[in-house]
Amino acid sequence: MLQDTIAAISTAAQDGAISIIRISGEEAIPIADALLDRSLKEKDSHTVTYGHIIDPLTKEAVDEVLVSLFRAPRTYTREDIVEISCHGGRFITRQILQLVLAQGARLARPGEFTQRAFLSGRIDLTQAEAVNDMIQANTKENAQLAMAGIRGSVRKLLDPLIEALLDMIANIEVNIDYPEYEDIEEITQEKLLPKARAWIREIEGILQRADSGQIIREGIQTAIIGRPNVGKSSLLNALLEEEKAIVTDIAGTTRDIVEGHIRLEGGLQLNLIDTAGIRTTQDIIEQKGIEKSYQIMEGAQLVILVLDGSVPLQEEDRRLLAESADKTRIVVYNKADLARPIEEGIAISAAKGDIQPLLDEIHRLFDHHRIALSEPSLANERQIALMRQAHASMASAISALEQGLELELAQIDLQEAYTSLKEILGEVHREDLIDTLFANFCLGK
Ligand code: GDP
Ligand code: ZN
C-alpha cells in the first residue's frame with residue numbers, strides 16, 4: 001500500500017538561507033541515519049538534532065544540517081517523518097536529496113505528503129484542499145479562508161447536515177422494514193416535508209455564501225462598456241491610479257483590449273474583461289458589435305456602463321442600457337466636469353480622476369460578500385458542484401414527497417444527497433479523481 005518512503009525538497013526551488021528536505025515513511029529514520037554523522041534511533045519524537053550529512057561513498061562531509069524528527073503517528077502523514085534543514089543553495093539541496101533517494105526513498109509526487117495525510121485519515125479532503133489554498137493565498141482574506149479550511153470548517157458545516165439526513169433516512173428505513181410494528185412512529189410524507197425543506201434552506205444559504213467566497217477569492221468579473229469616446233479608457237486609467245489600487249497584471253490597454261486585475265481598498269478585486277469589439281465602428285458590422293457586447297456582459301458579474309454625461313443620450317446608449325438591465329450594473333455619467341450636475345445616478349469625471357462615487361457604489365454592491373465570509377463556507381468549485389448535487393437530490397425528494405409518492409422514492413434521493421456530502425469530505429471517492437486533485441499541489445507538500 002503506502003509502504004514506500006517518499007522524499008522531496010519542501011522549500012521553494014530557489015537559492016535561500018535554508019532548504020528543507022522532507023522524508024516520510026517507514027524507512028525515513030534509517031535513511032537519515034545512513035547519511036548522518038549521528039543516529040536518530042534513540043532520539044525522541046519532535047526533537048531537532050544537529051549534525052553533518054556525510055556522503056556514504058566518499059565519506060566526505062556534504063553539509064552542516066539540523067534534522068527534525070517526528071515519529072508516527074503524531075505527524076503530518078501519520079508516518080515517521082524526518083526533515084533535513086540544510087544550507088539553502090539549490091545545488092547543495094539537490095545533492096542531499098539525491099543522497100536520500102540513493103538510500104532507497106522515492107521522489108514524492110506533487111502533493112503526495114498531503115495525500116498521505118488524507119489517506120491515513122488525519123485530515124479530510126476539504127482540509128487537504130485548504131492546505132493548497134493556503135500556499136496559493138495572495139491576500140489576507142484568502143489566507144484566512146484557507147486557515148479556517150485547514151481547521152476543518154467545512155466538516156463542521158456539513159456534520160449537522162449529514163446527521164439530519166441520516167435521521168430522515170433511518171426513519172424511512174424503519175417504516176419500510178417494519179410497517180406493521182406499532183411502537184414505531186409512522187413516518188408520512190407530511191412529517192418528512194418540513195425537515196426536508198429546512199434542510200434544503202440550509203444548503204441554499206451555504207451555496208450563497210460559497211458564491212460570496214468565490215467573489216472575494218477570485219475577484220469580480222467586471223466589464224466596462226459604453227460607446228466610443230464616452231471615456232472607458234480614461235475610467236480604466238483612473239481606476240488604475242486610484243491610490244490603493246494594485247495592478248496585478250494588465251495586458252495591452254490599446255483599443256480597449258484590457259484584461260487584468262485591480263485590487264481595491266478593502267480587498268475587493270475587479271477582474272476586467274476584454275471589451276474589445278464593443279465599439280460599433282464602421283469596420284465592424286453593428287450587429288456583431290452588439291452581439292459581442294452581449295457576450296461580454298453575459299460573463300460579467302458587474303457591468304459598468306459608461307455614458308457621456310455632457311451630451312444627450314444617444315441611440316446606442318439606450319440600447320446598451322436596455323441590454324444590461326438585468327445585470328448587476330452601475331451606470332456612470334462621465335465627464336461630470338463638463339455637465340450640469342445630475343440629480344440621480346452616479347456622476348464621475350474619469351479624466352480628472354474623480355471616480356469616488358463609482359468606488360462607493362462598488363463597495364455598496366459587493367461589500368456584503370465580505371461580511372458573509374465571517375461564516376464558514378465552501379472553498380472551491382469541486383465542493384460547490386457536489387453541494388449543488390445534494391441540493392438537486394433533496395429538491396427531487398421534496399417533489400416526490402409533495403406528490404405523495406412512495407417513501408422509497410424519496411429515500412433514493414436522500415441517499416444520493418448523503419453520498420454527495422460524503423464526497424465533499426472525501427469519504428467516498430474515486431481513486432483517479434483523488435490523484436488528479438493532488439497532482440495540482442506543489443512538490444514537497
Ligand atoms: P473611450 O473611447 O470610451 O475609451 O473614451 P476615452 O477614454 O478614450 O476618452 C475619449 C475622450 O474623452 C478623450 O479625449 C478623453 O480625454 C475625454 N474624456 C474622458 N473622460 C473625460 C472626463 O471625465 N471629462 C472630460 N472633460 N473629458 C473626458
Ligand atoms: Zn478607449
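Glycine residues also receive a Cβ, built from the backbone N, Cα and C atoms like all the rest.
Positions annotated as (6S)-5-formyl-5,6,7,8-tetrahydrofolate binding site by TrEMBL: Arg22, Glu83, Arg122, Lys445. Packing around Lys445 ((6S)-5-formyl-5,6,7,8-tetrahydrofolate binding site) is summarised by its Cβ count: 22 other Cβ atoms lie within 10 angstroms of its Cβ, all protein chains included.
Residues annotated as GTP binding site in TrEMBL: 229-234, 248-254, 274-277, 334-337. In the three-state DSSP scheme, Lys232 (GTP binding site) falls into the helix class.
Taking the Cβ of Asn229 (GTP binding site) as centre and 10 Å as the limit, one finds 13 other Cβ atoms among all the protein chains shown. For Asn229, Thr248, Ile250, Thr253, the entry in TrEMBL reads K(+) binding site.
If you look up TrEMBL, you'll see Ser233, Thr254 marked as Mg(2+) binding site. Using a 10 Å radius centred on the Cβ of Ser233 (Mg(2+) binding site) and all shown protein chains, the other Cβ atoms total 17.
Per TrEMBL, domain 'TrmE-type G' is recorded for 219-367.
Checked against ligand 1, the binding-site residues Arg22, Lys232, Ser233 give Lys232, Ser233 in sequence order as having a Cβ less than 6 Å away from one of its atoms. Straight-line distance linking the Cα atoms of Glu83 ((6S)-5-formyl-5,6,7,8-tetrahydrofolate binding site) and Ser233 (Mg(2+) binding site), rounded to a whole number, equals 53 Å. A coil conformation is recorded for Lys335 (GTP binding site) in the three-state DSSP classification, outside any helix or strand. Annotation note: Arg122 ((6S)-5-formyl-5,6,7,8-tetrahydrofolate binding site) sits in a coil segment as assigned by DSSP. The 6 Å Cβ screen around ligand 2 retains Lys232, Ser233 from the binding-site residues Glu83, Arg122, Asn229, Lys232, Ser233, Lys335, ordered by sequence position.
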